[in-house]
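Feature annotations, reproduced from TrEMBL:
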type: DOMAIN; residues: 1-364; note: domain 'UvrD-like helicase ATP-binding'
type: BINDING; residues: Ala22, Ser23, Ala24, Gly25, Thr26, Gly27, Lys28, Thr29; note: ATP binding site
type: DOMAIN; residues: 412-705; note: domain 'UvrD-like helicase C-terminal'
Amino acid sequence: MPEVLNIEEMKKNLDKNYFISASAGTGKTYTITQYYVAILEKYEKENNPDIVQNILAVTFTNKAAGEMKERILEEIDKKLDKGKNYKYWRQIKTNLNSAWIMTIDSFCSRILRENNIAIGVDPNFTIINELRMGIEIEKSVYNTLKIIFSIYEDIMEDKESNIEEITFFLSPERRETVKKIINELIQNKENFIIALKFILQELKIDTFKEVLLDTLRNWRTEMKMSQIPEYDLPNPDYNKVLWLFKNAVLIAQEIYNLYTEDQFQFDFKGVLAKTLETLEDENIKEKYQHKFKYIIVDEYQDTNFLQKALFDKIHTDENYIFYVGDRKQSIYRFRGADVSVFAVTENEFEEDSKFQLRVNRRSNAEIVEFANEFSEKMLFNDELLGVYENVKKTYEKIYKNLLFSEDKDYSEYEVKDENDVIPSISKDGTDKRRIKYVTYIKPKKNDKKSDEEKNIEYETIARTIQSLIGKKMKFRKRENGKIIFEEREIKYSDIAVLLRELKISEDKIRKSFKKYNIPFYILGSKSFYDKNEIQTIFSALNAVQNPRNDFNFSAYMMSLIGGMTFERLNEFIEIKKGNKEKYSSLYEVVSNNKDKLSPEELKAFEVLERYVKLKYYLKPTHILKQFISETNYLSKLTLMSDAHYAIANVKKLINEAEQYNTLAVSFAELIKLLKKTSEVSESEAAIEDEKQNVVKVLTIHKSKGLEFPIVILGGLGKELNLNSEEETGENVSLSKEETEFSLPEDNVRYFILKKLFLKTVKNIELPLTDKEKINVELGEGFSKKFDINKFLEDTEVLRLMYVAITRPKEMLIPIIPIVQENKTKKKKDENDDGKYKYVADLFMHFQYEDKRDIIALEELENNEISVNEEVSEKSRDIKEKQLSDLTGFAYKKYIAPTYIINELKKEETTDDLTEEGYIKITADDFFSDEESILKGTELHNLMESVGNFSQILNLIETGELPEELNNALIERLFSAKRFKTEWRLVKRLLIDNKEYMIFGVPDRVIFDEENNIEILDYKYSELNNSEKIEDYKFQLQFYMYLLKDFGNPLKGYIISLKNGKIIEVEYNKNFEEELKKKISML
């Protein structure tokens, strides 16, 4: 049984290990601060201010690390003010600038930088963002599948695999690692073929690919350390699939590390994995074991087994560890946190090292009492969680650890005011509690609902806020370490609305709050890329990329930019239908019938037409900005109901667009990248500031670590889904994870693809449930190792509710839906055990009648409040500066060679090739669509990186380039010492008093010692179309003309990367006259 921690006793006993359970609001940061400062006080006697470098304090957010450091500095300043031993404490304050107080990611980064020479890492390495990580992961999986299918084809054709050829792009060290894996697959070719055929026939390659992507992103380090069963499962095919899957992940990881780690770039997972690898070196590990005398870990409930392993490596019997956390607040499983780590670690500590923080210093007495009883009787009790019978038996210690324990979970309130002042929000004024349930009738699922009924929860929230504003209430306030009570009116800024999610709720919140004139601020809106104003821009870019795709073109022309009506669009559709031989796309129809367009439609079309031709020569993000400017898009956004938000979001996109220039070097890549952006969390632009007098709206996850005077809790109408079937409709309880791992047992972890195998299990003709079929196929003993995952995943919603109810300082108002079920459904529910179907049921079944108020929506007091005029004007007005021209985006007439010769690129004349196709059996079939897009770009990229002729020979040897390129001319051209690749050239030209900017991007420009210039232009083409060849020659002449200012252009070469054919082009010194004539004719 953990003791209540006595701070003064702790200060006297610093040299011991501590495991502290700290419920919400019990002063966790205060305790850590006191422990840290007490260490400094201890070493004051030895006059050793360098002790700062021997204390490691780790937490999980930059904000928490900053707060911890700030609190410590405040204590040090108090010491300095007293003047005693001033020199020591002054030095301590100086040393804190380099103190080890940081996030776990920063800690790992610092370890790597300090040991950069020993481990071969550039100390200036960078941490990549989610977009970059997604790009590299997709490339890695693509190349992994390519390798696997190459091996498969070679085995099926009974020929020896050319391992050097399929791994040529890897560095020597990584190539050796991958070759060992490939050799293992080839040596076990029967198992390999069975596994791959099973995947293709039963699981489908797209499913396999998605699971591979997910595992590489989230679980690659765990996968590397995991094992497959050393015994045959009842269905031995599953052993083979697991074996192949693990090897596929290992190959993908090597490729991913080539793209990231070898370029001295890490994602957060990678920096942790590299640190664990670094600490395998005994000398480095011992250095940090001796360095850190004290190790402090905050928010320990948010760790996982890899992070635990990190702390275990540096903790010894010679130093001391101080863990603080609260398993009831572990709500980040979706980010990799594992609350079972807390339970496992607690069981490793001696009883005299376990303590509890008991006094809640945050909340009013009524809220503390409610949180205690609600946690014990509803959230963390055996009656509710006992449905997980196997977990209860197999993982007894972990199961019991997650139940409410009075010894470590019960909190005491700090002080109670006997003369309390609590506002009433009901019409009859009978509600006098600080816990108020506000209920509303939730319409039946199948009923037709009006807009107001669909929005009823958010109407209820708005009405509740309206009934609170201006009412008087007593607020707790701390002065000189003591609590005093202050009576004042409730303001908007006192209120926070907590929701389980924002993506679906956000627009409804905006609508309801606008209706009741409630000023608000949304913290961390996650739907930036899904906003209509952003999607409109994406539709424009899609149309630029592929205007002959009718869907892309129609979406653009009917958007706010084009403004085309359906009736007008239908006219063009009819023209296309009647002229099938003449028109293959709506883009061509409109191009030849511009007279039928309105002025607004014509402007939109002409802007599109212009950038279709310029997209190969301008930076992708430059086109994005120009489009916004030239179509007067910001002005058009003023027509939207929330124009000020829309304009701010578009400006945010513009400001952040520069990051895409490094992630997407071509327009096609930009489109693919933007398709992924909706998968990435990104907040919308902020209009109001959270420090203003506004209601704060945020998710419960975002509220973690925060506190608010009044909390209104929404989103309680969601189903609880404890030990229930998954939402996919599969009649079986499964974790949502694509790849599941067992808990470590004797340093061994297994993994399973249970969700993936379910697709085959359902086809087994046995009179069993799907759950029983899985146990039959995998073996009950092995299958049950993973049941803990579903338990921890399902119960996270209970921990989420605990976090929510412990955020308020003064008042908690859950918004409770009363769900109308039909009679037959009610009857069914009365006969089953599921009385807690919805999250709201936990609140309504909680026996707490005399300590809470329940107010129906229709009973809420109508409290008409006028919004502060300043706030109201701010939310309605759109400042003139919002619509001002975008600086630097002025339009000039840009002229590229394709603008003149109207060269059509392949993707403009086909259907949208950015969608991936999937194979049935052969690699050629599988990769055909991807190859048609990527091969030309891939070869251009390869040629851009070529520095000398020997590299050309290597590419010929690996089959990337044709043998015909091994000749004297190519040798001479690629032996030049001075050259530039992908050189963006721009030249100003005046014709008839009109300014033109002509530009081009030659593939390779070569200079000799006398500044003579030769140009290489690569084509992924057979070079057998005479008309096309003339166009290519014109391009080369164009490039050589642009290069006149840099030297003496002599000759250009058109080089086929397909068959090695080379066409020479002599420079025409009279080209300028020809060029001006052509431009004048445009």
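In case you wondered, yes, glycine gets a Cβ from its N, Cα and C as well.
Unlike curated entries, TrEMBL annotations are predicted automatically.
In sequence order, Thr31, Asp326, Leu357, Asn360, Arg361, Arg362 are the same-chain residues whose CB sits within 8 A of the CB centroid of Ala22, Ser23, Ala24, Gly25, Thr26, Gly27, Lys28, Thr29, the residues recorded for ATP being left out. Per-residue confidence over the domain 'UvrD-like helicase C-terminal' (412-705) averages out at a pLDDT of 84. Of all Cβ atoms in the shown protein chains, 18 besides its own fall within 10 Å of the Cβ of Thr29 (ATP binding site).
Cβ neighbour count within 10 Å across all protein chains ranks Gly25 highest among the binding-site residues Gly25, Gly27.
Within the same chain, residues at least 6 positions away in sequence whose Cβ sits under 8 Å from that of Ala24 (ATP binding site) are Asp326, Lys328, Gln329, Asn360, Arg362, Ala371, Ser411, Tyr802, Val803, Thr806, Arg807.
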